[in-house]
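**Student:** OK, TrEMBL features for this one:
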type: DOMAIN; residues: 1-254; note: domain 'G-protein coupled receptors family 1 profile'
type: TRANSMEM; residues: 17-40; note: transmembrane segment
type: TRANSMEM; residues: 60-79; note: transmembrane segment
type: TRANSMEM; residues: 100-122; note: transmembrane segment
type: TRANSMEM; residues: 142-169; note: transmembrane segment
type: TRANSMEM; residues: 198-217; note: transmembrane segment
type: TRANSMEM; residues: 233-256; note: transmembrane segment
């Protein structure tokens, strides 16, 4: 919420990449809120989250939508960073705020479409075959349809974009070095991109790999839910905790590493004496 408020309230932060950061923060907030909704249902009526009920369709749909939106935003940020670096010496194309807003709109449309498919009828409320054990009343084929393609996209696209950024920066550094120019800026940028990409991959791997493993287990499992209780459902809850931790880590990795936004957040947290005096006047 702090990230969203800071970006929206500060006009000089309305840049293409910060628009995507703001939308990523909103997606993470949506994910945490949906997870809290499911947690409340688990506390008040545990059987509904284990055996499935109609009341779980809407929370799972919103939870899926928010996770898909987060994945699309992560991919969009990687693509925007690649275009910003690859096209920085060209003038025929630049990523503008309109492009970022269009990407945000497309991301949410796709996320709501795929996430709300169970509400449109793709569920196993009235049939026991193909029923998911971990996420009843969702269907196993729906979980596979959602999980596998998006995991591939979430891993391959950022890998391509961030590696491409590092390669481009290294080539430009060698060219400048060959001409006897200073290369400290490119070396610093290369190190920063490499560190950020490593943090991204570690956080994404730790957060979503257990969930992906749970879906694969769900697809190959044919046991009764009572036979799997409680260990498998504890594992399911742990995967939800890891997804929420990803929502907490994204603002730190993406947003707080941005010097402009970091300075604004520090100014809100620790206003200087001059600012307080000016506000008083």
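From the backbone N, Cα and C atoms, a Cβ is placed for every residue, glycine too.
Predicted, not measured: the structure shown is a model, and the values here were computed from it.
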**Student:** Name the range, of those listed as 17-40, 60-79, 198-217, that has the largest tally of Cβ pairs under 8 Å with the transmembrane segment (142-169).
**Tutor:** 60-79
**Student:** Calculate the per-residue pLDDT averaged over the domain 'G-protein coupled receptors family 1 profile' (1-254) and state the result as an integer.
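**Tutor:** Over the domain 'G-protein coupled receptors family 1 profile' (1-254), the predicted model scores a mean pLDDT of 81.
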